[in-house]
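Engineer: Next up is a structure, given as structure tokens.
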Amino acid sequence: MGDLVSLSSTFLYVAFFIYLIATVLFAATIRDKKSKKNNDFASKLAVGTTIVGFVSQLLYFITRWIAAGHAPVSNLFEFVTFFGMMLVFAFLLLYFIYRVNLLGLFTLPIALLLIAYASVFPREVTPLVPSLKSHWLYIHVTTVSLGEAILAISFIAGLIYLIRQVDQTTSSKSTKWLEIVIYTLFATIGFVLVSSVYAGMGYSSTFEFPFKGDTRSVEYEIPPLIGPNEGVMLDQERMSPLVEAPSFLQGVDAAKKLNTLIWSMLLGFVLYLIVRLILRKRIAASIQPFLKRANPELIDEICYRAVAIGFPVFTLGGLIFAAIWAQEAWDRYWGWDPKEVWALITFFFYAVFLHLRLSRGWHGEKSAWLAVIGFAIIMFNLIVVNLVIAGLHSYA
Amino acid sequence: MFMKTITCNACGHINKEGTMICGSCGKPLDSISGEDKNTLLNMRYDGTAVRSKTRNRSIIDKIWNFFSSIKIGVTLIVLALISSAVGTILPQEMYIPQNVDAFTHYRDEYGLFGQIYYQLGFHNLYSSWWYMILIALIGISIFIVSIDRGVPLYKALTNQNPKRHTGFLKRQKLYSESETYDEDEKEQLLFNLKKHRYNIFEKDGHLLAEKGRFARWGPYVNHLGLIIFLLGTLFRFVPFMYVDDFVWVREGETVVIPSTSQEYYVENKKFIIENYGEDEAEVFAEAIQNQEGPIAKHFETQAVIYKDQSTNIVGEEPDLNQIKEGSIIVNKPLKFDGFSLYQSSYQTNEFKSMSFKLHETSDENEDAIAEFKIDLDNPENNFTFDNGYRIELDQFYPDYYLDEGQPKSQSNYPRNPGFVFFVYPPNEEEPEVSFAAIGKNIDPTNDNDYKIGLTDFEVRNASGLSLKKDYTLPILGLGAFIFMIGVIQGMYWQHRRIWFHPTSKGIIVAGHTNKNWFGFKNEVDKIFTGTSLQAIKDLEEDSKEDRSQS
Ligand code: HEM
């Protein structure tokens with residue numbers, strides 16, 4: 001069985017590298033100004049490679065399922081990896097409707113980033129607690145992430161639209177926000193880097209600190225810029241924290257999470273600055289020339305179409321299947337748990353998106369921004385609610 | 001009632017006030033409303049008169065118009081969205097510990113912010129009157145808007161005239177004008193159209209090719225589903241429709257199930273709890289090691305359900321008849337007569353009985369003078385022994401804790417029993433007071449001659465079952481189902497129409513779809529293959545190019 005798990009990880013690594021190659025191939029289709037026939041071949045090669053990568057990731061998924069005896073969507077590593085896979089699937093879906101290579105060039109790096117992000121979390125196969133032992137778990141989780149992945153394509157199309165269309169000759173609110181969106185991608189890279197580098201070095205330092213009348217200990221896997229409130233470090237040779245977390249932060253791991261966040265943001269900022277200094281331009285402004293040949297109206301339609309396709313899938317998985325499962329497991333189909341509420345918020349948000357699209361004034365740039373906000377809400381639910389809000393009370 | 005009308009100057013058809021496009025021939029009537037002749041037509045509801053856009057006289061009109069405005073609808077949804085988010089900043093009241101005062105909890109845990117949050121009622125946001133009103137307003141808005149737009153849309157789509165005025169065609173987004181057109185080409189077109197599954201309507205040689213009309217009803221179907229769903233949630237307030245209760249049953253016990261008018265009883269034959277252990281499949285080994293506490297694997301109550309067949313005379317003993325026997329497992333409730341019992345909570349090692357012995361304080365061997373056993377379900381008060389000793393149980397705290405030095409009980413469940421005993425040695429009138437609990441033996445005066453010690457105990461598990469009856473579920477399920485049908489219908493299909501208008505010089509073709517123009521344009525290109533028709537053009541893009549060139 002252990003062999004199957006390692007075989008499964010191999011498939012995931014292979015998928016990762018194939019996606020990397022596919023990204024390069026998609027880049028080639030954009031730069032390629034040669035004959036149409038040539039470009040057709042390049043596109044086919046790029047999308048074919050993507051499919052091979054997807055199949056490899058699918059094999060990862062299946063072998064891990066066999067090894068664990070349950071669908072591998074039950075911890076953060078598995079879920080985010082699966083989300084990355086669904087993102088590639090959603091891309092293929094829209095690619096075969098619109099055949100826009102640019103979409104691949106932007107989607108695959110984000111899928112890569114997601115898989116890298118996932119791999120930072122504990123990767124072992126976990127057994128299921130009783131409330132998770134239900135077929136509805138798989139049905140619910142897989143449809144939600146498929147829905148969210150299709151909605152994420154609308155974010156990617158929106159991003160392409162904005163980079164293509166926002167006037168970069170002067171600095172404006174739009175250019176600033178666009179840079180902020182790009183910066184968050186750098187911050188994610190920062191997170192992956194800092195976590196994996198220190199994990200590779202085997203870094204660890206332990207703190208003891210008072211918590212609700214008890215003494216708790218917490219282990220940092222990256223150096224503490226921020227230590228727990230009134231914390232005492234147990235390992236002398238390690239760097240001591242620069243500041244202590246404020247006392248209002250709740251939760252045993254709050255200071256640790258804040259520390260990781262600050263590290264990621266700082267590192268992301270440094271990376272961003274380096275790239276920006278090399279380019280000597282806003283990053284969006286440097287990408288813009290490569291997108292000149294893209295048809296903005298087509299991109300806008302993809303942005304809308306992804307919502308049109310993703311919204312029903314998300315509703316089915318995130319609200320309806322979720323409710324059926326909650327009814328079976330906790331005898332209430334709806335409990336106003338933060339995770340549920342944020343799924344409802346996502347639903348409301350995309351309903352607003354669809355209604356605004358009914359009037360002409362909301363096409364183009366405005367709806368591209370909405371798609372960006374929608375993705376921010378999804379990511380908030382996926383990451384922040386899991387790590388921060390839901391940690392305040394126990395589930396099940 | 002007097003209704004203003006507009007007579008079409010091309011075909012003479014009499015249209016209702018507010019109509020933008022003649023209902024019969026399609027000639028734009030905006031020479032009256034003064035719209036620019038060259039802009040594309042607004043094809044929403046095919047230019048029929050929408051009540052909320054036409055009438056604004058009485059107060060009813062004003063309310064109607066308020067609720068059928070998309071702006072208002074969107075604003076309401078945004079408000080619901082923001083308030084929902086506010087409710088997740090701090091945990092809702094139902095998620096804070098049950099045994100503390102809510103106000104104190106929010107103040108102590110979250111400081112001033114928590115205090116304000118509590119005082120604004122955000123700790124119970126989702127059941128607050130204003131949140132419910134917000135959702136109700138959305139429901140009303142959906143209802144009114146569906147009638148406002150649905151009726152005219154229905155009229156427009158069921159009475160389509162294939163023969164359209166050129167003024168209508170020239171202002172469609174997709175447009176093509178060709179010099180040549182003959183029977184052969186018509187044959188080819190009809191063939192291509194049928195291949196793409198278009199329905200064809202013909203009048204005087206004019207063609208209307210249409211597909212996916214049913215997609216236009218998608219929004220109305222999904223809105224209907226939402227309304228049914230919202231109504232379903234209201235039924236929860238009807239007592240017969242909804243029951244929600246909870247009962248603890250200890251192993252071996254049979255208790256009445258609350259909220260069933262004393263009709264049903266449940267017996268807990270055995271409660272089983274399993275954790276993931278060492279002998280688990282190898283793949284999990286790492287995860288189990290990394291976890292600090294045990295990871296739960298399985299909870300199960302082996303239960304029997306009884307129905308009371310007695311005639312309900314006061315004082316009569318219940319006459320229990322077994323109606324169901326089975327396991328209640330998480331994710332697998334036990335169902336009977338419309339009710340479901342869910343495995344919801346448990347308490348392991350609850351005390352069933354405790355045995356004590358009395359000995360002299362000074363006796364190092366602690367030889368028993370007297371021994372007795374207390375059944376915690378039904379504690380006896382007096383124990384008299386042959387050797388003249390007597391022990392009286394003065395106080396029993398099932399779940400004892402010290403509140404500022406005073407013993408108190410947290411619950412009625414024997415989880416941490418504490419006892420106050422009066423010990424009467426032979427021929428004594430004045431008792432010695434002794435306090436006993438697990439691991440504790442307190443002598444309040446510190447000069448007791450006798451001591452009471454715990455010698456043995458029996459434990460058992462208790463299972464917490466929650467009882468549900470929810471007849472609103474089928475209504476909610478129906479609403480959700482209709483909603484899904486509606487969104488899929490509206491989102492995965494499009495309503496596409498192509499008009500073919502022969503003229504003296506050749507033919508005009510115009511096309512309209514309610515969404516996804518790129519796919520539509522590609523399809524029209526395919527439909528034109530094998531004919532000499534001019535490729536279809538996107539007038540919107542052309543006009544943009546004109547602008548950018550000038
Ligand atoms: C959360 C609640 C709501 C949901 C989930 C919802 C869902 C939808 C969906 C999916 C569509 C189709 C959009 C498209 O085809 O692009 C639609 C259309 C529409 N909705 Fe809603 N809606 C909601 C509330 C409302 C409200 C409050 C109004 C009130 C103004 C409204 C008015 C409309 C209108 C006018 C249409 C267009 C109908 C047509 O195309 O003929 N909706 N709705």
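Sequential numbering from 1, following the chain as shown.
Using the three backbone atoms N, Cα and C, a Cβ is placed for every residue, glycine included.
From TrEMBL, for reference:
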{"type": "DOMAIN", "residues": "A:74-193", "note": "domain 'Cytochrome c assembly protein'"}
{"type": "DOMAIN", "residues": "A:270-393", "note": "domain 'Cytochrome c assembly protein'"}
{"type": "TRANSMEM", "residues": "A:12-30", "note": "transmembrane segment"}
{"type": "TRANSMEM", "residues": "A:42-67", "note": "transmembrane segment"}
{"type": "TRANSMEM", "residues": "A:79-97", "note": "transmembrane segment"}
{"type": "TRANSMEM", "residues": "A:102-121", "note": "transmembrane segment"}
{"type": "TRANSMEM", "residues": "A:136-160", "note": "transmembrane segment"}
{"type": "TRANSMEM", "residues": "A:180-201", "note": "transmembrane segment"}
{"type": "TRANSMEM", "residues": "A:261-279", "note": "transmembrane segment"}
{"type": "TRANSMEM", "residues": "A:302-326", "note": "transmembrane segment"}
{"type": "TRANSMEM", "residues": "A:341-358", "note": "transmembrane segment"}
{"type": "TRANSMEM", "residues": "A:370-392", "note": "transmembrane segment"}
Engineer: Taking 3+ C-beta pairs under 8 angstroms (sequence gap of 6 or more) as contact, is the transmembrane segment (A:302-326) in contact with the transmembrane segment (A:261-279)?
Structural biologist: no
Engineer: Taking the transmembrane segment (A:180-201) as the first stretch and the transmembrane segment (A:102-121) as the second, find out whether 3 or more Cβ pairs fall under 8 Å, excluding pairs closer than 6 in sequence.
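Structural biologist: Checked: the transmembrane segment (A:180-201) vs the transmembrane segment (A:102-121), in contact.
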Engineer: Which residues, given as numbers and ranges, are at least 6 beyond the ends of the transmembrane segment (A:136-160) yet have a Cβ under 8 Å from it?
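Structural biologist: Residues 70-71, 73-74, 79, 82-83, 86-87, 89-91, 93-94, 102-103, 106-107, 110, 128, 181, 291, 294, 299-300, 302-307, 309-318, 321-322, 324-325, 328-329, 343, 346, 350, 367-372, 374-375, 378, 382 contact the transmembrane segment (A:136-160) from elsewhere in the chain.
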Engineer: Taking every residue in the domain 'Cytochrome c assembly protein' (A:74-193), what is their average pLDDT?
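Structural biologist: The predicted confidence over the domain 'Cytochrome c assembly protein' (A:74-193), as a mean pLDDT, is 90.
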Engineer: Going along the chain, which residues at least six beyond the ends of the transmembrane segment (A:12-30) come within the CB cut-off of under 8 Å?
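Structural biologist: Distant contacts of the transmembrane segment (A:12-30): 39, 42-43, 45-47, 49-50, 52-54, 56-57, 60, 81, 88, 101-102, 104-105, 108-109, 111-112, 115-116, 290.
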Engineer: Report, as numbers and ranges, every residue of the chain located at least six residues beyond the transmembrane segment (A:79-97) whose Cβ falls under 8 Å of a Cβ in that stretch; write 'none' if there are none.
Structural biologist: 12, 19, 47, 50-51, 53-54, 57-58, 60-61, 72-73, 103-104, 107-108, 110-112, 114-115, 117-119, 121, 141-142, 145-146, 148-150, 152-153, 156, 302, 305-306, 309-310, 382
Engineer: Where DSSP helix means H, G or I and strand means E or B, what are the helix, strand and coil counts for the domain 'Cytochrome c assembly protein' (A:270-393)?
Structural biologist: 105 helix, 0 strand, 19 coil
